[in-house]
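Per TrEMBL, the feature domain 'SSD' maps to 151-310. Marked as transmembrane segment by TrEMBL: 154-174, 180-201, 208-228, 248-269, 382-403, 582-602, 608-628, 676-698, 710-732.
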């Protein structure tokens, strides 16, 4: 396999590049290859010469030239005899290092990586007994973007389901008052806003990434609720009013809360799109969300508002809500077939008594269900204890999950499932998790290496690690020669330089020390490095992140100036910032929103209740997503930030209606709040869940996390809107004044005023009042 890889050629005009042309070179101008390759070559040579005394030790082994090499990250699944002698190994990891010094070299290297994967897969077909998992520098990017391609048909399926359900949610048996077109146009409004944002991002040079899959669901939750709330407000208007007056009432009733929640979305995602967020994918996601939310607000005001006016005129003219034809009178319909009468069923105003005028929309299934059954059931005295008990169970399970929250650092959580990244990381964690990757320990100042105390300091900083480089080996070499390490500076540096020239076992480490020659031919050591490896647990991948943080803190407080580095630390830093930065931004935005809304809401109790509700929802979502095997990573944190806005979107109208209500009992205002806003919440929730369900079938870990988080946010928020809040608000503040008893019809006072006017003038001469 190694031979096949090194023979790979990249054809360019006039020249064919091989691995030797683009590899990173050693001091002897040969390609750097893994030490395990040299071990295998010596093992092969020993076998061909029938030598049986060659042994491989683990994790450090010795080569024929006397060099000590570390193989802990190159041999996996190792079984050892006594004295660390390797009996067998289940896996071998080979790494090839390529240069990227200019654009041409980078292009050739990228092409070489592509051919490398094809070569390994071709080699796998002819050697089926051995499993091979290729992975390159571009594999993670390709597999991350693959989620978009495998999600297309599932998203289209979800869109069809949402369109169908949105039309059904706006339909009713009355063909005049039914609004199926508004369900479709509401979804079209959300789609137009999403497409507008995507177009602006594309035109301004923004880069697409798979986290954008969450934006349609952000828009679906916010945009559809706004359109359904407007439709619900339309149902509360009087039918004898002009369309302009009804539209004005709709905007006055629903657009204030929709404007406030839109502002909250813009602030939250605006902070995420600011330079405070140091993750490009998260920043672009928040920027795209901000643009989509803003245009959705404009489109609801203009496009959807105009559509509402248009359907309002159709209703006032008694035209069919779908076909726009004039609906005939009932006496004319009696002469038509049954199917014709069914399609044109409508209630005319002259056929409706004054007492029934406000109930013309009750034929809508959801309105009828909430008003006739659910509101009375949820506020029933015998139901409340069970709801409270259920809430305590909810809190208990959420707490159990919250105490087990784990921070996700696995790269496979953001890519599609059947990809090279998943296969490679799974194999690597299975076979190569006993030791951490090789960590470079770089001392970048001129220190007194000849000083015994300095040597002890350096060894103390690296205590607990397997040291696999020159420093400790050289000190042991000096001790074996019975040479004191407490020599003067000049003698020490001369001996150091000469020993590398004379001792072959240290020739490999000659690049680990940088000498500097001063004006008087005095040689000084200006920098040095050693390589460290830490023992890790197979099931604790987060230990690598803890190791990074420990070494980083140590480098800030130590006497010796040093830095530590490993390529995997790049991902660890990304992971740390992907969780920390969004959480920090969400806290800033939450504080800003609380301060901002304190000046806008009519009652401070609305803020109090809203804060408690958001806290309860977020606490439950974090707990249950942990129980559902979802880790706290960039995707889940972005979903939690969206969950704050989603909860405010749905719960704020309910709470404001209840808190601001006067003159009735708490139970009466709870029922009223559910009747006014419950239909819009229920319609939005059903469409949202139906759109989410196909996402669960996408073969991608990213969409799996997205589905589980968004599903829990919607479910827990719905549970609070329709169960927890309606019950708790009936016996907790604010208090309500009981309704005054109205006098019955028999005791009603009738007052009549009559004016007596002089016929010759306009002067009032008397007033007669009759009771």
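The backbone N, Cα and C atoms fix where each Cβ goes, glycine too.
Since this is a predicted model, take the numbers as computed values, not measurements.
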### Message
Tell me whether the transmembrane segment (608-628) sits in contact with the transmembrane segment (154-174), defined here as at least 3 Cβ pairs under 8 Å among residues 6 or more apart in sequence.
### Response
no
### Query
Thinking of Cβ pairs under 8 Å, which stretch from 208-228, 248-269, 676-698, 710-732 has the most of them with the transmembrane segment (154-174)?
676-698
### Query
By Cβ distance under 8 Å, which residues at least 6 away from the ends of the transmembrane segment (676-698) in the same chain are close to it?
147, 150-151, 154-155, 157-159, 161-162, 165-166, 169-170, 187, 216-217, 220-221, 224-225, 228-229, 231-232, 236, 364, 366-367, 370, 374-375, 650, 653-654, 657, 704, 706-707, 710-711, 714-715, 718, 721-722
### Message
Give the mean pLDDT for the domain 'SSD' (151-310) on the 0 to 100 scale.
### Response
89
